[in-house]
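Pulled these features from TrEMBL for this protein:
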REGION    14-37  region 'Disordered'
COMPBIAS  14-30  compositional bias 'Low complexity'
REPEAT    181-220  repeat 'WD'
REPEAT    354-389  repeat 'WD'
Amino acid sequence: MIHTVKHTVPDTSLSIPLLSSTPSSSSGRSSDTDESPATSFRYDFQDLKFKILNVPASCFHSYKLLANLSGHIGSVSCLALCGEFILSASQGKDIIVWQQPDLRQFTKFGQGEGSVKALVTAGNKVFTAHQDSRIRAWKVSRSSENLFRLVDTLPTTKDYLGKFMKQSNYVQTRRNHKRLWIEHADSISCLAVSNGLIYSGSWDKTLKVWRMSDFKCLESIKAHDDAINGLVASKGIVYSASADGKIKAWGKEGKNTHSLKGILEGHKDISLNSIVVSEDGSLVYGGGSDGYIMGWLGNKDFDSWKVICETKAHKMAVLCMCLMGEFLCSGSADKSISIWNREINGSLFRTMIIKGHEGPVKCLQASSTRVGGGVMLYSGSLDKSLRVWWVPNYSIRTQNTSSIDGTPKISTVFV
């Protein structure tokens, strides 16, 4: 269901006919229609006609809520972009596929009980991480009756059969209880994909590595002293953020093994809930339960990092982050989204605060395509809604002041 929303920005300032679709061309496409999330038509964000040439300068600092999408039975826990689709997940059988440009509910898919903790896409595959400690692999195909078809569950039956007979394949997970090392012992909280590998982080404190071609589990790493909350893979390094207040960097050593390359320390007695890494891999940002975003700068070999910023970003915990070109977006338990400009030295300057959600903001995704001088930002919340925002790239800085405790403030907030 799509709710129309009243905006504080005058209607004349932004005219947004939602995207027009055009038949896709077969040129340059593989004969195998399953090689990518093939679509019966293709849309282009450039088709958005934003009439902003005569907008007063003061409006350049404003955002616009394009849609408030409802339909989930529970909190929206994760988001992913997949070709022309936006995927939003709540419960195991409650993954909704929203089709752009009209943002209508296209279909639903899913399996299992409990909440879906993470979504990640790679080519024509979608991987979902679940509270039942399993990963599900889905194939995206227009040639199939089911657009999103379940192809396997990890660990696979083949992996189980190859390991369950040997006692050496079992590890102690808790008192008087053992599991195969290929199994997660608690909810899988995050996923990342890179160079033909799938990485999964869990509340059981382990990081597991899976081969994408046959879904075989290659490695299990006792990574942290508390739950793993976030994963990012960049430039051959995998970063894991944990409730133990640390980010750890893992580099691939040999064919199937990873080793610890460094530890990025956060504040004491806090949980790091989310992590993002800049496109060139040099900057790492972690969002904490104390409302701070910390930033680290890595050296050229990605084996040493130094703290370059500690920013009080929100009144409550930072739950999610995403990068939007030169901007960083953060979502919080305080129900707001902050937009930050990344300075040359890696420090953060807040340019905007977005409000509208009625619950904590749990997940964020941004489109990489420029739209009318801005980008599309998608946010999921514990209020069970997915909201679609247009956020301008224009950054007119407001007067920067400081509060009594020295934390930066901005003089103007658009709500």
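Along the chain as shown, the residues are counted starting at 1.
Positions of Cβ are set from backbone N, Cα and C atoms, glycine also.
Have a look at these and tell me how they're positioned relative to everything else.
For the repeat 'WD' (181-220), the number of residues in each DSSP class (helix H, G, I; strand E, B; coil) is 0 helix, 23 strand, 17 coil.
Same-chain residues lying 6 or more positions outside the repeat 'WD' (354-389) and placing a CB less than 8 Å from one of its CB atoms are 5, 14, 16, 45-46, 48-50, 52, 63-70, 72-81, 86, 88, 90, 96, 98, 103, 316, 319-325, 329-339, 415.
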For the repeat 'WD' (354-389), would you mind checking the mean pLDDT of the predicted model?
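Mean per-residue confidence for the repeat 'WD' (354-389): 94 out of 100.
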For the repeat 'WD' (181-220), find every same-chain residue at least 6 residues outside the stretch whose CB is under 8 Å from a CB in it, and list them.
114, 117-120, 122, 125, 127, 129-135, 137, 152, 154-156, 158-160, 163, 169-171, 173-174, 226-234, 236, 238, 240, 242, 250, 256-258
What does the DSSP secondary structure composition of the repeat 'WD' (354-389) look like, as residue counts for helix, strand and coil?
0 helix, 21 strand, 15 coil
